Amino acid sequence: MARLAAFDMDGTLLMPDHHLGEKTLSTLARLRERDITLTFATGRHALEMQHILGALSLDAYLITGNGTRVHSLEGELLHRDDLPADVAELVLYQQWDTRASMHIFNDDGWFTGKENPALLQAFVYSGFRYQIIDVKKMPLGSVTKICFCGDHDDLTRLQIQLYEALGERAHLCFSATDCLEVLPVGCNKGAVLTVLTQHLGLSLRDCMAFGDAMNDREMLGSVGSGFIMGNAMPQLRAELPHLPVIGHCRNQAVSHYLTHWLDYPHLPYSPE
C-alpha cells in the first residue's frame, strides 16, 4: 500500500477547463481517510496553490515551481532553490530568436513584460495572474524560474539557443508542449520528492505519482508506482515506456484509477 500520492496538476488532476472535478475531490478525500499523504507537484506558484488548498480545505504538501519550493501542511518552507543571478541575468537580457513570451517567477509572484490575456485561461480556477513589469529591472537574486510560452517548434529552436548559452548552468524542460522552463541545475519534481520523503521518514518506494509532461519524468521514474496520463506528451511515454498509461484528464482518469485501487486492490485495472 502506497503511503504518499504525488500529483501533477495541469493535464493530470485538472480537467481541460482547468478545474478539479467532483470525482477527483471525492477521491482525494478518500485517500486522506486512509492516511495517505497528499502532495501536489506542479509548475504553478506556491501562492496560487496555497490559495487553492485553503479554498478546498485540503491538507497536502506542496512541490511548486517544478521543484523550486517545497512547503509543509502548515505552509512552512521545507526546501528552496533559485536560479543563480548570472543565469537569470543572461536569460532576461539576451536577445533570443523567438516569438515566445517570457515569464519570470519569484516568491512575490509571476511577472512578464506584456499583456497576454490568453494565458490567464489556465488560471480561471484560482484567479492567479501575472504582474506587468520592465523585465530589465527585475531583481536577479531571487528568481526561481523563467518560462517561455509559445509554439512548440519555436520553443524547440529556443531550447537549442538556451543550451548553447547556458551549458550545464541550468536545467531546461518542457512542462507542456507550449511551455519551456529554465530551472536551477538539478531542480525537478523527482529530486525534491526525495527531499520530502526523507523529511517524512518515507522512501520513494512508498510513493505513487501521476503526470503528463516532461517535467514529471524524474518523479514518475523514481517512485514505486508511476502512472502516465493518456493525454501525456509523446516524449514522456517514449522516455518511460515501462510505466502504465491510464486515461485522459478530461475523464478524471486519476480518480478513476484510484477508485479502483482503493476498492479492488487485487484486481487488474483497465482505463476503459
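Positions of Cβ are set from backbone N, Cα and C atoms, glycine also.
Mg(2+) is bound by Asp8, Asp10 in Swiss-Prot, and the record lists one more residue there from Asp212, Asp263, which is Asp212. Taking only the Cα positions, the spacing between Asp212 (Mg(2+) binding site) and Asp8 (active site, nucleophile) is 8 angstrom. All protein chains considered, the CB of Asp212 (Mg(2+) binding site) has 27 other CB atoms within 10 Å. Per-site Cβ counts within 10 Å over the recorded positions Asp8, Asp10 peak at Asp8.
Cβ proximity to the Mg(2+) site centre (mean Cβ of Asp8, Asp10, Asp212, cutoff 8 Å) flags the following additional same-chain residues: Met9, Gly11, Thr12, Leu13, Leu14, Thr42, Ala176, Gly211, Ala213, Asp216, Met229, Cys249.
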